[in-house]
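Asks: Quick paste from Swiss-Prot:
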- 14-57: repeat 'WD 1' (REPEAT)
- 59-98: repeat 'WD 2' (REPEAT)
- 101-140: repeat 'WD 3' (REPEAT)
- 143-184: repeat 'WD 4' (REPEAT)
- 187-226: repeat 'WD 5' (REPEAT)
- 228-270: repeat 'WD 6' (REPEAT)
- 362-401: repeat 'WD 7' (REPEAT)
- 408-452: repeat 'WD 8' (REPEAT)
- 463-504: repeat 'WD 9' (REPEAT)
- 506-544: repeat 'WD 10' (REPEAT)
- 547-588: repeat 'WD 11' (REPEAT)
- 590-628: repeat 'WD 12' (REPEAT)
Amino acid sequence: MAPIGEKKRFELEKSIEPIYTGGPVAFDSNEKILVTALTDRIIGTRSETGERLFSIKKDEDDYVTALAITSDSKKLIAAFRSRLLTIYEIPSGRRIKSMKAHETPVITMTIDPTNTLLATGGAEGLVKVWDIAGAYVTHSFRGHGGVISALCFGKHQNTWVLASGADDSRVRLWDLNSSRSMAVFEGHSSVIRGLTFEPTGSFLLSGSRDKTVQVWNIKKRSAVRTIPVFHSVEAIGWVNGQPEEKILYTAGEGNLILAWDWKSGSRLDPGVDTTHSETNAIIQVVPFSENTLLSVHSDLSLLLRKRVPGEGFITIKKLNGSFDEVIDCAWIGDDHLAVCSNTEFIDVISTDGTQVFGVLEGHTDIVLTLDSSEDGVWLATGAKDNTVRLWNLNIEDNVYKCIHVFTGHTASVTAVALGPLDVNGYPTFLASSSQDRTLKRFNLGSQLNKSDFSNRAVWTIKAHDRDVNAIQVSKDGRIIASASQDKTIKLWDSSTGEVVGVLRGHRRGVWACSFNPFSRQLASGSGDRTIRIWNVDTQQCVQTLEGHTGAILKLIYISQGTQVVSAAADGLVKVWSLSSGECVATLDNHEDRVWALASRFDGSLLVSGGADAVVSVWKDVTEEYIAKQAEELERRVEAEQLLSNFEQTEDWQQAIALALSLDRPHGLLRLFERVMTAPHQPNSITGNKDVDNVLVQLPDHQLIILFQRIRDWNTNSKTSMVAQRLLRLLLHSYSPEHLLKLSGIKDILDSMIPYTDRHLARVNDLIEDSYIVDYVI
């Protein structure tokens, strides 16, 4: 029996999965539905809650080139590289119509304000207008000499018009009433990436990668103003769509969104934009709400940017798009996680996956390791840039600050570990290891806030002969453990850096180690697929846990040190009881190796992250499970007693129904044997007419259960007579049409035929042998 307090059951509370892996994005501002493309599907997500509304399967090799959603939230239109244009019903995801759109892939498309027309632009330079309801072409416009890159519906002098831009640097205006070209605007020197009509319909604005916005007078067919925006433009539009505001935004290169007075050409928010990035660019912008835009970035991030007059567009929220490969995670606070995922940034996210609270920027290469303090205030990070950073986290105010940068390693930092907190709440020291095979200690404490703080290592030692994969600090801070590819775990005096023990026994490299916070034990996990529990004092292995089919990559203790949780390359997370040495729970929600594992400080939640870009949040439901088990046991005891009472009173109808619902094959067999050995009633197959009447009126779900029991009993000669009599009754009482509707009935009957033939042959042999008795007599 497991000790009191052990956790035996976990349920998946939240699976934070990628919603975006690149390509176009569509957004319905009315219902707040975000439509994005994944590798093998198109999904719709409620942007405010993260709830997945629909998922549309597509060919993995067929890339989505354009998306559009009607403003009434009823239809989604997707264009594919295969040149198909498909209309879907949402939220059901049902395909309404598919048709071949262009001779080349559709690059851009837009829907008119009435949800009647769809405009598509192809790579061949052709523009088509479609009737959405009828799914047929109403207009086809030729004239551009390159790929269509921007489209926009508008109204000019009560006439519906369509503007198109292409990589021939020209803007064309088409009259939808006459199906003719109204104007050709020339003035840009690069591809057109954004088009929008001034709210009165008198002017058309175009943005280009030539870093300018042109304002065109439609009536005069000429440019009235050129606005130099000083960045390559990928999108333009109106900040909130209100005509009286007339605030133009431009977005694109450098991660910038800027606000402009389109009449004067002056920038409205001259303050420094802190979101500027040389390597990250905005590839698409869609209106989200009043003064707020959703920007899609080349690094696959999705940001909500709100305009604050005088300050510019500030990031108010980051939506979880894709983590890429999750390498490590750490719990900070009650419902926040720090996650590193194959980038130089660390995301601070909510455990429900709805948003990213902050992004820790500072490392210049991929972050490989994290460790947080027990109070969630301090976070240590190590990266491929050979540096270690210490962060102070103010979760309540959502302020995250890098306090110090520690250097000295000559290769990627593979592991970091914080020492225990001092009386003032500061971590006493920080340990780090690297692919340079060294181990370093940096003193912290209250000196962190002093101007003369030294970020130099107190000591540096060559720890192992091969890469160091993991390090851990004991609860009291006296010992540092290091695990290496050289198959050993070494114990170090944290004050002096002297080795105090070497643990040998693993047959392959050791990937993980963890100190038991409540005893002098250490757990280690290796590429040999085993977990070893070591006595720190004697340095002997006291227990070996086996069950994974891949390398053990991460270990943590829970339940006051009575259990170990392991994450492995087989994609599984296992919970082990140290008292029995057995796995008490296996958590399966990953399709690739699980690198990251963390536990909330009260042990009520586990988090795992894997190479499949999925973060899984597991909730401890042991108490509910035990209570449910006790309730189920009580219910079964009562039902067993009730079944016994029914048998005693020969209430066969109630007895059979109860035995079937309890799924007790032995009890049901005993009941039928008793009926068939009792005095036989005439004209009854089972021997009792009441039983016959019950069996010929069974509901389908109980009927299929009975067929399954008959199949099992038919395999044994001792119980085959009961099975054959019941089978005869059922085949005579139910029509073939009725029986064929039962799920799996064909396989059940097919499996009974060989045994039935064998029983028939055995009975025939007995009959033949009985004639010998007649002959002798």
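We number each residue from 1, going along the chain as drawn.
Backbone N, Cα and C atoms are what each Cβ position is placed from, and that goes for glycine too.
Looking at the shown structure, what environment does each listed feature sit in?
Replies: When the repeat 'WD 1' (14-57) is classified with DSSP, helix, strand and coil residues number 0 helix, 23 strand, 21 coil.
The list of residues near the repeat 'WD 2' (59-98) in space but at least 6 beyond its ends in sequence, with Cβ under 8 angstroms from a Cβ of it, reads 23-28, 30-31, 33, 35, 37, 39-40, 42, 44, 53, 104-111, 113, 115, 118, 120, 130, 132, 135.
Under 8 Å from some Cβ of the repeat 'WD 3' (101-140) lie the Cβ atoms of residues 65-66, 68-72, 75, 77, 79-85, 87, 146-153, 160, 162, 164, 166, 168, 174, 176, 179, all in the same chain and six or more residues away from its ends.
Tertiary proximity for the repeat 'WD 4' (143-184) is limited to same-chain residues at least six positions away from its ends with a CB under 8 Å from its CB atoms, namely 107-113, 117, 119-127, 129, 190-197, 201-202, 204, 206, 208, 210, 214, 216, 218, 221.
Looking at the repeat 'WD 5' (187-226) alone, the prediction's average pLDDT is 94.
Summarised by DSSP class, the composition of the repeat 'WD 6' (228-270) is 3 helix, 20 strand, 20 coil.
Taking H, G and I as helix, E and B as strand and the rest as coil, DSSP gives the repeat 'WD 8' (408-452) the counts 5 helix, 20 strand, 20 coil.
Within the chain carrying the repeat 'WD 9' (463-504), a Cβ under 8 angstroms from the stretch's Cβ atoms is held by residues 414-420, 428-429, 431-435, 437-439, 441, 510-515, 517-518, 522, 524, 526, 532, 534, 536, 539, 541, all 6 or more beyond its ends.
Long-range Cβ contacts of the repeat 'WD 10' (506-544) within its own chain (Cβ-Cβ under 8 Å, at least 6 residues beyond either end) map to 466, 469-475, 479, 481-489, 491, 550-557, 560-561, 564, 566, 568, 576, 578, 581.
Residues of the same chain lying 6 or more positions beyond the ends of the repeat 'WD 11' (547-588) and with a Cβ under 8 Å from any Cβ of it are 2-3, 5-10, 12, 508, 511-519, 521, 523-531, 533, 594-599, 603, 606, 608, 610, 612, 616, 618.
Within the same chain, residues 6-18, 322-331, 334, 337, 339, 341, 349, 351-353, 374, 376, 550-551, 553-556, 558-559, 565-573 sit at least 6 positions outside the repeat 'WD 12' (590-628) and bring their C-beta atoms closer than 8 Å to a C-beta of that stretch.
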Asks: Under 8 angstroms, Cβ to Cβ: which one of 14-57, 187-226, 228-270, 362-401 has the largest number of such pairs with the repeat 'WD 8' (408-452)?
Replies: 362-401
